[in-house]
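Everything on this sheet refers to the single structure shown next.
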Amino acid sequence: MPKKVFSALKMSNKTRNILLLILVFLFFSFVYQYFVKKDMSDFGVCYQGGERIINGETLYRVSDGHLQYKYSPASAVFFSLFTLFPYEVAKYIWYLSEIIFLFLGLFISYDILPSKQKKKGLVLIFSFLVLVKFFGREIELGQVNIFIFFLLIMMVKALLNKNDVKGGLFFGLSLIFKPYGLVFLPYFILKKRFKSIASGFGTVIIGLTLPMIFYGLRGNIVVLKQWQKTLSQSTPGLLDQYDTASIFAFFLKIVPDESRELAFIFIVCSGLVIAFSFLWIMILGKRENLKKPEVLEYSFLFVLIPLFSPLAWYYNYLYSILAIVFLINYIDKFPKVLKYLLIANLIIIGGSLWEVLGKDVFRFYTGYSLVVISYLIILFIKQLFVRKFACILTKFCPPFKNYFSI
């Protein structure tokens, strides 16, 4: 009798899960139909790139204007798969894929944490709320950043499991779409992960040869040169656009035009300070015998992607998923002052919306790339309290004043 009851309950749980999946599917289908379907212009560019490469046409055309294709020719081979479907169907498939990649990325970010201080649901819900405005804009445009983050977090997971070749494969796949993953290259060199580097660049080389299927050897060389030319011509003019949000944009916007040299000095100095801060995290994490110090280090590096990408838009800060999940998981372990600073900072990141700030304040916030300040604070917290993380994970906490000493 008890077995029958258990079997019935098990079936009931299975049915409940199926119903939940159906409801989730219907919810996101509703969101797509009424809020997303009318846009996804960036996916349109990718779809067009897939069509052009199949027909052996040039990918990079000045006549495309703002919607010019800027990804590698190899990525166009990937997007050519979507041309098997009519555009509207392909758009919906990409939308659902991005939703799946997003939630997988969130779950993996929690699963790889060194220790679980809070329940998964709580951490992921708050992390989602902090970053939802970035996710929303990314999905509305049909961009590829969520997919790239998924590839990179899979890379991290593989490397934590000591599978360097597999990690390098994901590293290389991410580079085929955007070069953001190069932020991890110096770290791999310092960690002597040469198998990952070889696997990654081997994947890139294979990827760069794939367009030969459509262009031939000589045509592939031509299109690679066109890609390089497109990037070099389009990037400088976009550095300080209204809604770019890199550290380059931040200093170029706040420093007067006649003092551009000063802006670049600030950029270089900031880069050096951040680089030395990261090295300090690595050294102290190793010295304190920190459990899985790589997770803290990777979370730091993910934040550098939007900070130092010349063409980082606001929604590129979705790459901070691992950093936000990490901090929310450990938030109760911080001293009160730092905890309140972190909470306020997360509220500012998540709440800096047009509807909340009003038109004028929002334009000021966006126009001067003030999100950069919030993420510099996040890096500061990670760097300053690496020893605090060490005591959390090793169960030995030195006196508070010692957190500042090397």
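Each Cβ is built from the backbone N, Cα and C atoms, and glycine gets one as well.
TrEMBL labels come from automatic prediction, so no person has curated them.
Between the stretches 64-85, 196-217, TrEMBL puts its transmembrane segment entry on 196-217.
Only pairs six or more apart in sequence are counted, and the transmembrane segment (317-332) with the transmembrane segment (362-381) gives three or more Cβ pairs under 8 Å, enough to call it a contact. Tertiary proximity for the transmembrane segment (167-190) is limited to same-chain residues at least six positions away from its ends with a CB under 8 Å from its CB atoms, namely 71-72, 74-75, 78, 144-145, 147-148, 151-152, 154-156, 158-159, 196-204, 207-208, 282, 297-298, 301, 304-305, 308-309, 319.
Long-range Cβ contacts of the transmembrane segment (362-381) within its own chain (Cβ-Cβ under 8 Å, at least 6 residues beyond either end) map to 242-247, 249-250, 253-254, 274, 277, 300, 303, 306-307, 314, 317, 320, 323, 327, 334, 338, 341-342, 345, 348-349, 352-354.
Long-range contacts of the transmembrane segment (196-217) within the same chain: residues 53-54, 56, 72-74, 76-77, 159, 164-169, 171-173, 175-176, 181, 185, 188-189, 223-224, each at least 6 residues beyond the stretch ends and with a Cβ under 8 Å from a Cβ of the stretch. Listed as Cβ neighbours of the transmembrane segment (337-356) (distance under 8 Å, sequence separation of 6 or more from its ends, same chain) are residues 126, 129-133, 317, 324, 327-328, 331, 362, 365, 370-371, 374-375, 377-378, 381, 385.
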